[in-house]
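J.: I'd like to ask you about the structure that follows.
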Protein chains: 2
Amino acid sequence: MSSKTVESSEKQQRGDVTSAKASKKEAKLQFQLKVPKGTKDWADKDMVIREAIFNSLSSLFKRHGGVTIDTPVFELREILAGKYGEDSKLIYNLEDQGGELCSLRYDLTVPFARYVAMNNIQNIKRYHIAKVYRRDQPAMTKGRMREFYQCDFDVAGVYDRMVPDSEALSILVEGLQGLGINDFKIKINHRKILDGIFKVCGVKDEDVRKISSAVDKLDKSPWDAVKKEMVVEKGQTEETADRIGEYVKLNGSLAEVLEVLKQKEELTSNEFAAQGLEDMEILLTYLDAFDITDKVSFDLSLARGLDYYTGLIYECVTAASAPPENAAELKKKKQGKEDEDASEYVGVGSIAAGGRYDNLVNMFATATGKKNVSIPCVGVSFGVERIFSLIKAREAAKTEESIKPTATQVFVMAFGGGPDWKGLLPERMRIAKQLWNVGIESEYVYKAKVNPRKQFDAADKSGASVAVILGKEEFAEGKVRVKRLGQQFADDDGEIVPLEQVVSKVQEKLSEAKDDHGYDNVTRLLKGL
Amino acid sequence: MSSKTVESSEKQQRGDVTSAKASKKEAKLQFQLKVPKGTKDWADKDMVIREAIFNSLSSLFKRHGGVTIDTPVFELREILAGKYGEDSKLIYNLEDQGGELCSLRYDLTVPFARYVAMNNIQNIKRYHIAKVYRRDQPAMTKGRMREFYQCDFDVAGVYDRMVPDSEALSILVEGLQGLGINDFKIKINHRKILDGIFKVCGVKDEDVRKISSAVDKLDKSPWDAVKKEMVVEKGQTEETADRIGEYVKLNGSLAEVLEVLKQKEELTSNEFAAQGLEDMEILLTYLDAFDITDKVSFDLSLARGLDYYTGLIYECVTAASAPPENAAELKKKKQGKEDEDASEYVGVGSIAAGGRYDNLVNMFATATGKKNVSIPCVGVSFGVERIFSLIKAREAAKTEESIKPTATQVFVMAFGGGPDWKGLLPERMRIAKQLWNVGIESEYVYKAKVNPRKQFDAADKSGASVAVILGKEEFAEGKVRVKRLGQQFADDDGEIVPLEQVVSKVQEKLSEAKDDHGYDNVTRLLKGL
């Protein structure tokens, strides 16, 4: 960085009164030009791909009767308090500048529950696509950011058991398939079954949540490490840990594992576990109706970190997103290095997840003096940044540059020369305006005198498939040339038409060119074609 | 608010292990359920209208060759420093939780300039639709919020004078017209002309910005008050103030006012003013090419508060958005009351605005040690919340409830009864899934046993235009009924078809019902039909 002050360098560049004033104020300004840690700018093709993902998911959510809401990016601090367990330390706070204390939202679920409780809503299917904030250790290449999007669909209301739960799973499957992701597995489990297991294995009530969070590490750590955590750090007996170990190693198809668990009398005689097993039995019928039973595996090691889940929980991983087998091993070797480096051995994690949370709305309602409010909820959340990484990798595997960031279809140019040549700029503008008026994406070079080569280059960069060319002589006779663009049309001179027919001729050429231009290719990319 | 603790009331409601744990943590939780001051939840029809506005504007921006970017909601604090003049006190800061100091973005312009400088971008047309944050005194009914959306289109790059400027004005006109707003006027002015005027009237260089901000108040305060501010608070002589007064009272068509100013020799001989007048002369030609000259009025009292403008500036008001004639008077009467109350007499303000800022990118580039970077910019910003208020008022004027928040087209029902009746819930799910698979928005009641009345009510609420009905006897024979919904079809029994034809029959009925259902009405609303 240069040690030169802004003031001195700006004085050289600017002569006007305004900036002379401004530069004085900035005199002390000396800094690196960057975005905050764990955040990034999105641009170009990436934005086109991401918007296509959002469109795909919001169409899906609408298809299931969802309405959308938009809550503030920050909430009163007390709204978020006590909802995220150990992760609460990752919440971003706003500075106390007088007035209320606020924090950036950590997810979209707590604001949703606050919204439902605040407005006395009895039932709603809502989707919400928005950014959330976590002061986590970023691992950008894996899609772990401090600012990232969530795409959530949640159902609130009293309904028959497992009906909205199974639809949430169907939405998960449809959502991924709609994005060309077919190679995935949804791990499911049930908080009440887990609670029952911990209970019958001898865990005290007050230790349940911390044992649950130890179990949750089984996807990244071997059993021995998790057992050690339970015994050494979390005060359980060897015997309790071993008995838990027998249970949480179980996984397989929903029907299979359910059959095994139903044989365990200690479990079926526990009130919570029995409720959970009944839920899973009902779920099986509905998953069958939705024809998604084969997408699901019952995995007793799935615990999910968040405090608020009370029933069915699920997490979706793809082969591409799973951490490598030896993640723990590799991590160990890296010790001494920064966390961020070590995390490169962790996969992108789950690409979608969710579960049932029956008490969150009540918690808000009760905290504000309302009684006996029971609005059970279930939801699913898509990790867009992670899904984006997968789709981006798919695009990188293609050789040709297939997606354009602009939607431009027509480029308006003028060719001429000689001493009296002014470049027909207002005339190009007039034609562009006619095209805009009928909804056609059109551009022209923002210069009066510009040679044909530069105009063709600009047209090429824009991705336009049709050119309107104002030739000096032709235009003097009230005519313009309309031609297709692209290498295969290099020898095609197009057609000369009277000025008043330019719009209709452009429309004709565009309908010939339909689907030719790169902007539409994102649809093909999303479908994995 | 009840003084009962969460713990005791929650214990009554919940029996499971999970919540017994959670409730202990929440024991101290006692608060009001609300959103932070100056923010709001968006939902229902309002969301449908707002999304339609966003879609209309982003199509417009794409039509002009725009690409979109997404920057983080917070920036490093030093990025925002010194860009907003007196308004800097309205910036929201994030708490210092270790690491970088950050602030929420105040507009989309400064992050855009930071993005352009940081990535060495030579030219770009970008649009950005996102929330910005200002710790202002909220006036919610007028659309003045602390969290609100901006829709910006900006052009960066070295081009022929006034070419992108005139396109920005054309975009402004097209944007509003595309939303059915036709009764508006764009006030334009030029910072260099203003600077020249101040100079020739005797204002010292260092006083220019504060005199400019005094002039900016002329749309809300009478000349006498502004003059007093200049003389008493801002130390100008009576004569200087009076001479400024003569100039800033000028307004009219661009051609007229330009003619008047060109006669003033003191002005044409000032370097800055002469440049500005030349710009306005060029602009006239291009506005004519875009056929928008009649939308524009040259108003020398327009100054715009922000520090960074350097050339053409503009602000758009509608009859509906202008403050009442006697705003200042009414405000005076209210003195002693809270600011928020007084502001109810202020109109929704400008609904779109923008201008040229040629030094902002340079400022960033220079601050980080780069030299001689010159990336001039011009942009336009739509105030969506304010535009929303206008469109919402238009909707309120209509008598019928025309917009539905859901996109639901089909409702799947089952009718039956008797002791063996289970409600055909998995069968309804199976049919809904078939409809989802071909992209049809479909719902069903999430209950097994539910009577026809309740199912019709739910269908009505969803806005569905077609019902699939599983009648007990018909379904036993592998058949379902497909019928149109809505009052005019009350006596229409629909058609009975074999199960395997349900999708094609639904598609047939839907194409008959096309445009009948409320969700599409938002298009009509936006067009002001």
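If you go along the chain as it appears here, the first residue is 1 and each next one adds 1.
Placed from the backbone N, Cα and C atoms, the Cβ positions cover glycine too.
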J.: In TrEMBL, the residues B:Asp107, B:Leu108, B:Thr109, B:Gln150, B:Asp154, B:Arg304, B:Tyr308, B:Tyr309 are said to bind L-histidine. Which of B:Arg63, B:Arg77, B:Arg134 is said to bind at that same site?
T.: B:Arg134
J.: Averaged over the domain 'Aminoacyl-transfer RNA synthetases class-II family profile' (B:16-426), what pLDDT does the prediction give?
T.: 88
J.: For B:Arg304 (L-histidine binding site), what is the secondary structure by DSSP, using just helix, strand and coil?
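T.: Once the DSSP labels are grouped into three classes, B:Arg304 (L-histidine binding site) ends up as coil.
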J.: Out of these binding-site residues, B:Thr109, B:Gln150, which one has the fewest other C-beta atoms within 10 Å of its own C-beta?
T.: B:Gln150
J.: Mind sorting out which of the binding-site residues B:Asp107, B:Thr109, B:Gln150, B:Arg304 are close to chain A, meaning Cβ under 8 Å from one of its Cβ atoms?
T.: none
J.: For the L-histidine site as recorded (B:Asp107, B:Leu108, B:Thr109, B:Arg134, B:Gln150, B:Asp154, B:Arg304, B:Tyr308, B:Tyr309), determine the largest distance between any two Cα atoms, in Å, rounded to the nearest integer.
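T.: It comes out at 21 Å between the most distant Cα atoms.
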J.: Enumerate same-chain residues with a sequence separation of six or more from B:Tyr309 (L-histidine binding site) and a Cβ-Cβ distance below 8 A; give 'none' if the list is empty.
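T.: B:Arg191, B:Gly355, B:Arg356, B:Tyr357 - these are the non-local Cβ neighbours of B:Tyr309 (L-histidine binding site), listed in sequence order.
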J.: Over all shown protein chains, what is the count of other CB atoms within 10 A of the CB belonging to B:Arg304 (L-histidine binding site)?
T.: 22
J.: Note down the number of other Cβ atoms within 10 Å of the Cβ of B:Asp107 (L-histidine binding site), including every protein chain shown.
T.: 19
J.: By the DSSP assignment reduced to helix, strand and coil, which category contains B:Thr109 (L-histidine binding site)?
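T.: Its secondary structure by DSSP: helix.
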J.: Can you tell me the three-state DSSP label for B:Tyr309 (L-histidine binding site)?
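T.: Going by the DSSP assignment, B:Tyr309 (L-histidine binding site) belongs to neither helix nor strand, so it counts as coil.
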J.: DSSP three-state call for B:Gln150 (L-histidine binding site): helix, strand or coil?
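T.: SS state of B:Gln150 (L-histidine binding site) = strand.
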